[in-house]
Amino acid sequence: MGSLPPQILGVPGSAGKIDAGKLGHLFRAQRSNLEHFFDHLDLARAADFAQTLLDAPGAVFFSGVGKSGIVAHKLAQTLASLGFARSAFLPPVDALHGDLGAVFPGDLLVLLSKSGASQELLALVPCARAKGARLLSLTSAAEGAGNPLATLCDVNVHLPLQRELCPFGLAPVTSAAIQMMFGDTVIAALMAARRLTKEKYAANHPAGKIGKSLIFKVKDVMKKKNELPLCKEGDMIMDQLTELTSKGCGCLLIVDEMLHLIGTFTDGDLRRTLKSSGAAIFNLTVGEMCNRNPRTISPDAMAVEAMQKMESPPSAVQFLPVVDYHNLVIGIITLHGLVTAGL
C-alpha cells in the first residue's frame with residue numbers, strides 16, 4: 001500500500017492569507033448575530049423549558065443531526081456530569097434501530113434542529129411519543145408549516161437567528177453557537193436551582209484537577225508506615241544519612257518512643273550544619289540541630305490545603321508531617337507527591 005501524495009490533486013498549495021481587518025469584520029458581524037439572539041429570545045419560553053428539565057421525573061435525552069447533533073451530544077454530557085439527572089445523547093437513526101429501548105414513560109427527549117424539518121427527527125417523534133416520552137425542541141426557523149418539529153413537540157423554544165456567519169448563509173456557524181449558548185446557560189440555571197455544591201460537582205469529576213482538589217484528603221496521598229523517614233532525637237546525624245536520603249522525602253521526622261513528633265531535620269539543615277560545624281558534625285545529634293516547631297497538617301485536611309500550607313510565608317517547604325490530635329506522626333505529605341497526584 002503506497003503512501004499518500006504530499007498534495008491532493010486539485011487542491012492548491014496555498015489558500016491565501018487571512019486579513020486582520022476582514023477577520024475583525026467577521027467578529028463584529030458575529031457579535032451582531034449573537035446580540036440579535038439575546039435581544040429576541042423569549043425568556044418566558046426559555047424558563048418553561050428550563051423548569052421542565054429541572055422537574056424531569058426520569059431521564060433526559062438529547063438528539064440532533066449534523067452540527068445540531070454535536071451540540072446535543074455536548075449538552076447531554078454536561079447535564080450528566082452534574083449528577084442530578086440521568087442524561088444521554090440519543091442518535092436519531094440508532095434510536096429507530098433499537099436504542100429507543102432506553103426511553104421510558106416520563107423521560108424527556110430534547111430535539112435540536114435549526115430548521116425544525118430534519119427528517120430523522122420527525123421520524124423519531126411519533127416513536128418516542130409512543131414510548132411515553134415528553135418532547136421538547138430547540139429550533140431557529142419560524143414556527144409554522146415550515147417548522148413541523150416545533151408543532152409536534154410539547155415545548156418548543158425559538159432560538160432567534162439573524163443570519164449565519166457563513167458567506168453563503170448555509171454552514172451552521174451562528175446557529176450552532178446559539179444552540180450551545182442557550183443550552184449551557186439553561187444548565188447553569190439548573191445548577192443554581194439545585195444548589196449544586198463544588199463537592200457534589202467534584203464527585204463526578206474525580207480524575208480532573210478540580211475534582212482532585214475537592215475530593216482528595218491528605219490521608220489519600222500521604223506516605224505512611226515503612227515509607228516514613230523516622231529517627232530519634234539522640235541519633236547521630238551522620239548515622240541517619242541513609243534514612244534521610246532513601247525515603248525520598250528530603251527530611252527526617254524526629255519522634256519519641258510513642259511516635260510523638262519532636263521536630264524535623266531536612267537535607268537543607270544538613271548542608272547548613274556542615275557549613276557551620278565542619279568536622280564537628282560527626283559529634284552532633286539530630287535533636288541538637290532539628291527544627292522543633294515545624295508546620296504540620298491533619299490527615300483529614302484537604303490535599304489542596306496542604307499545598308497551600310507548604311507555599312505559605314515566610315518560606316516555602318517541600319513536606320508536611322501528618323499528625324493526629326495527639327501529635328502522633330501517622331504520615332508525611334510531600335510537594336512531589338501532590339504534583340504526582342495531579343494537584
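Numbers run from 1 along the shown chain.
Each residue, glycine too, has its Cβ placed from N, Cα and C.
Unlike curated records, TrEMBL annotations are generated automatically.
Residues or ranges marked as domain 'SIS' by TrEMBL: 49-196. The domain 'CBS' annotation in TrEMBL covers 290-343. Per TrEMBL, the feature site 'Catalytically relevant' maps to Lys67, Glu120, Glu164, His205.
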When secondary structure is assigned with DSSP, how many helix, strand and coil residues does the domain 'SIS' (49-196) contain?
67 helix, 26 strand, 55 coil
Neighbour count (Cβ, 10 Å) for Glu164 (site 'Catalytically relevant'):
20
Can you give me the Cα-Cα distance between Glu164 (site 'Catalytically relevant') and Lys67 (site 'Catalytically relevant') in Å, rounded to a whole number?
13
Using Cα coordinates, what distance in whole Å links Glu120 (site 'Catalytically relevant') and Lys67 (site 'Catalytically relevant')?
14
What's the number of neighbouring CB atoms sitting within 10 A of the CB on Lys67 (site 'Catalytically relevant')?
18
In the domain 'CBS' (290-343), how many residues does DSSP put in helix, strand and coil?
15 helix, 15 strand, 24 coil
